[in-house]
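Student: Grabbed the feature section from TrEMBL, which reads as follows:
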- 56-342: domain 'G-protein coupled receptors family 1 profile' (DOMAIN)
- 37-65: transmembrane segment (TRANSMEM)
- 77-96: transmembrane segment (TRANSMEM)
- 116-139: transmembrane segment (TRANSMEM)
- 159-180: transmembrane segment (TRANSMEM)
- 216-239: transmembrane segment (TRANSMEM)
- 283-307: transmembrane segment (TRANSMEM)
- 319-341: transmembrane segment (TRANSMEM)
Amino acid sequence: MNSSRGFSTTLESARKSGVSPLVSPPQPIISDEFYKIFFICILPCIQFFNVAGIITNIINIVVFVKLGRAESTNISFQALAICDLVLSVLSLWTFTSLSLRLYPVSLPFEPYTVTILTGSGLWNFVVRWGALLTAYISLERCLCILKPLEVKRILTPKVTTVAVMVMLVLTVGPAVYLYIKYKFVWEAVPPLNKTILVVIRIKTPEVLLLGAVVNAFAGLMQPIAAFVTVVVCTVYLGIYLGRASAWRRATTSAAAHTVNVPGKGTQDETSTSQKEQRVIRMVISIAVVFIVCVTPSTVHIFTMGIFPQFSFDSQYANIFNTMFILSCLGSSVNASVNIFIYHRMGSRYKTVFRQIFSIVDKDSTSK
């Protein structure tokens, strides 16, 4: 994203009372030409995944609604699908709006600044909800391995629903700060002989102090903590799955499935263990995709937290915006591929999915 260089506009009234308009940054480190070429090249890819994310997550939501709320994992996956759907819509609108600046069209609003309050700014908060949801799903699966009976008794569907809502409030709630930090105004543009809608930034001491608190909590602590949690839980689940697979191979070669080996369980218990391992594989797959796709966003957020001057209206504007685009691309990919993981590894998901689309399962019809 680039600042509103295409408009030589001022707002004298905005310079009073601690209010300043969004202005063009100094000479950028990455040239405007390079950034424009990069934006044009990456735009079709991002929009493709945004549209795919909208379609696939609508399907995911329908499937998980039909699966019901009897299991807490279904509730978590349904919330994740809703989050990914919202992210895809926000990203689609943001980049559609920004792409309008590439054409000499007369708009009643300035695309870049307006999307701060209607697209990209909200995206930054919703993406943290998705990160916490992924961390919760990974942590829940780890706890099911360590304390299976206690976790199933404590983490009921009702508790999971409350946890999802709490995470939503903690991550998306601070987005209210956007509407304190920025506000819509109508600004006269003499060269165009018209008035357009723009967004200006409020720079009073109170707003700056509130911004520091919000950035520390929602902008730095939450995403970093979620990312680290997902990484640690994924490593643990991978180690556990490797050990379980080795044990299963050893058990299979040592005795028949119907033999009750002390400490190893019966055939029914082995079947249950295999079902649990399928869920673990699905969670690991989702977590690995999340880690790969969200790494650019995590680096971006961490850089903003360490260097406050790293922003869209500074001399680092084009670097900031380039990293933001890569973050959106990763998020769009992450939001659109989960349906393939669910269908490949979730037997109940696959059954409901095929019922919805009237797909005949060849394996079931041949039995």
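Just so you know, glycine gets a Cβ as well, placed from its N, Cα and C.
Where the annotation comes from TrEMBL, it is an automatic prediction and has not been curated.
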Student: At least three Cβ pairs under 8 Å linking the transmembrane segment (319-341) and the transmembrane segment (77-96), pairs spaced 6 or more in sequence?
Tutor: yes
Student: Would you mind listing the long-range same-chain contacts of the transmembrane segment (216-239), meaning Cβ under 8 Å and 6+ residues beyond its ends?
Tutor: 124-125, 127-128, 131-132, 134-135, 138-139, 141-142, 145, 170-171, 174, 280, 283-284, 287-288, 290-291, 294, 297-298, 301-302, 304-305
Student: Should anything in the same chain at least six residues away from the transmembrane segment (283-307) have a Cβ under 8 Å from its Cβ atoms, list it; otherwise answer none.
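Tutor: Residues 127, 131, 134, 137-138, 141, 215-216, 219-220, 223-224, 227, 230-231, 233-234, 237-238, 241, 320, 323-324, 326-327, 329-331, 333-334, 337-338, 341, 345 contact the transmembrane segment (283-307) from elsewhere in the chain.
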Student: Could you tell me the mean pLDDT over the domain 'G-protein coupled receptors family 1 profile' (56-342), as a whole number?
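Tutor: Overall, the domain 'G-protein coupled receptors family 1 profile' (56-342) comes to a mean pLDDT of 84.
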